[in-house]
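Noted in Swiss-Prot for the protein shown:
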type     : residues                                             : note
ACT_SITE : Lys63                                                : active site, proton donor
BINDING  : Asp11, Lys34, 61-70, Thr123, Arg185, Gln194, 214-215 : substrate binding site
Amino acid sequence: MKYDRPIIALDFPDKEKTFEFLKKFPEDEKLFVKVGMELFYSEGSDMVKELISEGHDVFLDLKLHDIPNTVKQAMKVIGKLGVKLTTVHISGGSEMLIAAKEGLLDGANGDTNTKILGITQLTSTDEEMVKNEQKLSISLKESVKNYAKIAQKSGLDGVVCSAEESDMIYKLTGDDFLRITPGIRLAGGDVGDQKRVMTPDAAARNHSSGIVVGRAITKAENPLDSYRLVTKLWREK
């Protein structure tokens, strides 16, 4: 499975800045957008509802990580929103992941198109952090592979991973298990605080199911032109 449109990360502090950005696109252009912690904590679920009411698809990226019951109750709320994607940390364990799925279904009365993705390792993580801070005896890629297996076994719909690992997960889990990849940059673009990055066309060749693009579009001189370029590269491989 592959999402046709790049997912634009709306990394803005408030509603005003968000819609100022969205006005740079044609009114009939329906986007796939990601609402993360900053925007959600600033504007709440009303922001999500407004984006959906305007015809946009929403990836609500809150990376839930808590005891199973707390995550289940939070997912009940998310289940009512009608977002396309949402996230939990796989490191919370299989019991938490199963509870997340149950909560989502409960919130949507058993009928939902929302897919839950598990966070493997953040794209800001590198081998040194895995070894010295997380104290894992396996490599970063082996850690990602292990998390992907846990997520699939627990009933999640896919994972968030670096595009460097998407082909590995594709071979491990099959094509129906989603591989959504942030850390996407145009050639020569600023990588910021992300350490594992890739271009849109390379991510497509590496079996990413969907790409999340932030600064390459939101900070561009002409966001619409950048969006068109990213979309072209993503679709053509």
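Placed from the backbone N, Cα and C atoms, the Cβ positions cover glycine too.
Cβ neighbour count for Asp11 (substrate binding site) (all protein chains, 10 Å cutoff from its Cβ): 18. Around Pro68 (substrate binding site), taking its Cβ as the centre, 18 other Cβ atoms fall within 10 Å, counting all chains. Sequence-distant neighbours of Gly214 (substrate binding site) (same chain, six or more apart, CB under 8 Å from its CB) are Ile8, Ala9, Asp11, Pro182, listed in sequence order. Pro68 (substrate binding site) carries a helical DSSP state (H, G or I).
Non-local contacts of Lys63 (active site, proton donor) by the CB criterion (under 8 A, 6+ apart in sequence, same chain) comprise Met37, Thr87, Val88, His89, Ile119.
Burial estimate for the binding-site residues (Leu62, His65, Thr123): highest at Thr123, by number of other CB atoms within 10 Å.
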